[in-house]
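This report concerns only the one structure given below.
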Amino acid sequence: TEPPRTGRLALYLLGLRATCPPAEPPRALVTWLKYHLEEDWRGSRQHGHPLTSYYQYGLGVLALCVHRKRVREEVTRRLLAAQHHGRLGHGGSAVDTEAVVALAFTCLERRGLVGARLAAELRAAVLEVSRSMAEAQRPDGTIGNIYSTPWALQLFLARGVCHTEPAFARAVAALLENLDAFGTAATMAQVLPVLHGHSYLDIGSLPCGEEPGTRRAPAGRGGWWCHRGGGWVPISPCWLLADTLTPITIEPPTEAPGNKTVRLVVECAQPWCFELRLYDQQVSVPAAASLLDVLRAATTQEPRFMFETQDTPQGPYLTQVLGLEARQEKRNYWQLLTAPSTPLMMGVADYSPHDGETLILRLSEW
């Protein structure tokens, strides 16, 4: 049976609204997304979570809300219960999911698509998520990891606290230092709105058919104003992040000569594994090789080493190593570490280890 396409439909509807279409979205798309939200939840009867993920489920609710379409209260309460009970993931993926869910809650409450009692519960949940993200900020400024940071920033922007939340400025600085990490269409789509001071919630209020001009206030007015509909409208200073950006010229990377040797370790931290360390070998690869190249070289070097990946919009995702599969219903995943215990901030196709580095693939539980 083909899994629900909740996330894909949600992204399509968000993208469709962002292009300022001349009319409402095709009714069939909205109907299909509502259908997939219900089909997705069938997984909870067996596994306790959606068949896809809470991230995709929250994205579906957000997309419908941006189009001002109501969802059943039960659908919203499913997400609310998951947030209350800490079921929204691990590490960076938890930040992604919590932020998407909180954006959906914020949208539902502000659009008046829920009753007063539920709206109050959603506001409280969003405040809790926002506080936890600020408290979880790492010393380097990231929240979760570099890829989840844009989602956290979108939440701060949607709440309008970017000028009062100290974590916001530090996270933006981390993004600007690591823009080269956002090399796929999916990751760019998450970071570009933030760099221009927007969140996905703003898609629902785009001034379609106009070319708004943002500038300093006219004489006699303080702050920043936007010329829309024949008049001046005050805007939040959170929208002006783009004015701090400086264009840069990125030179294509040069091919590094020579080879490097990487130590590759595979560990299983599950109680049903007979031993912790399952594999430990030195792997020789070209100097510019990524972690994915290291894994491929290991299969050539030793036939018993096998791995599998799954294609995602963010790039390849490691799903199986040495026959051990990471499964969402079992709440486990392949954690990528550089020795002794530092989580990698990039995926297998993006991270390039240095010569002599030890990389650990650890089957862990979240």
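For all residues, glycine too, the Cβ spot is worked out from N, Cα and C.
What TrEMBL says about a protein is an automatic prediction, not a curated fact.
What TrEMBL annotates here:
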BINDING   52-56, D96, N145, Q190, 317-318, 334-336, L344, W366  cyanocob(III)alamin binding site
DISULFID  C65-C107  disulfide bond
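Around C65 (disulfide bond), the same-chain residues at least 6 positions away in sequence with a Cβ under 8 Å from its Cβ are V71, A104, C107, L108, R111, L113, G204. When the binding-site residues Y54, Y317, W334 are compared by the number of other CB atoms within 10 angstroms of each CB, Y317 has the fewest. Its Cβ placed at the centre, L336 (cyanocob(III)alamin binding site) has 19 other Cβ atoms within 10 Å. All protein chains included, N145 (cyanocob(III)alamin binding site) registers 19 other Cβ atoms within 10 Å of its own Cβ. In the structure as shown, the Cβ atom of C107 (disulfide bond) sits within 10 Å of 24 other Cβ atoms. A sphere of 10 angstroms centred on the C-beta of T52 (cyanocob(III)alamin binding site) encloses 22 other C-beta atoms. Summarising the environment of Q56 (cyanocob(III)alamin binding site), the number of other Cβ atoms within 10 Å of its Cβ, over all protein chains shown, is 24.
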